[in-house]
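J.: Mind looking over this structure? Questions follow.
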Amino acid sequence: SFEGRVEVYHDGKWGTICDDQWDDRDAEVVCRQLGLSGTPKALSWAHYGQGSGPILLDEVQCSGNELSLDQCKKSDWGQQNCDHIEDAGVSCDPFTGTDVQLCQSNAVEGSVRLAGGHSPSEGRVEVYYNGDWGTVCDDGWTDLGAQVVCRQLGFR
């Protein structure tokens with residue numbers, strides 16, 4: 001829900017954006033326009049798969065302060081020299097903020113966290129041991145183990 005190929009609606013149709021000049025400032029505007037407050041990251045070369053239909057924008061160059069892509073410097077609608085292999089993508093990852101990194105670097109032995117989920121209450125179980133985060137093998141993993149992890153993380 002916070003990352004994917006960027007598509008825009010113009011003149012009655014959806015289309016993609018070419019990744020020429022695509023950078024994190026453009027991603028910041030996309031995240032803001034979508035109402036997402038994560039760490040904006042621009043992705044190129046159809047990272048989230050190639051779109052279909054028209055490529056509607058090219059040479060997008062936002063300063064990062066705009067409220068929408070419409071306000072950014074860009075080619076005219078439909079004017080582009082790209083293929084869908086160059087479709088632009090964005091991640092507005094809410095789980096990469098500095099607060100999260102600070103918490104993780106101060107972890108104590110046996111700390112548990114969830115990683116890679118779509119919300120803070122789901123994901124891969126990781127345990128802090130001997131200065132590193134590692135995963136938990138699923139051999140013998142049951143709902144009972146999940147309940148312990150949820151309780152340790154403060155969930156009901």
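Keep in mind that glycine also has a Cβ here, set from the backbone N, Cα and C atoms.
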J.: C62 pairs with which of C72, C82 in a disulfide, per TrEMBL?
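T.: Between C62 and one of C72, C82, TrEMBL records a disulfide, namely with C72.
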J.: Excluding near sequence neighbours, so keeping only residues 6 or more apart in the same chain, what lies with its CB under 8 A of C72 (disulfide bond)?
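T.: Correct list: D26, V29, V60, Q61, C62, S63, E66.
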J.: Fewest neighbouring Cβ atoms within 10 Å: which of the disulfide-bonded residues C18, C62, C82?
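T.: Comparing Cβ neighbour counts within 10 Å for the disulfide-bonded residues C18, C62, C82 gives C82.
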J.: Given a separation of at least six residues and a C-beta threshold under 8 Å, show me what packs close to C31 (disulfide bond) in the same chain.
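T.: C31 (disulfide bond) has long-range Cβ partners S37, G38, P40, V90, C92.
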J.: Quick one: give me the count of other CB atoms within 10 A of the CB of C92 (disulfide bond).
T.: 22
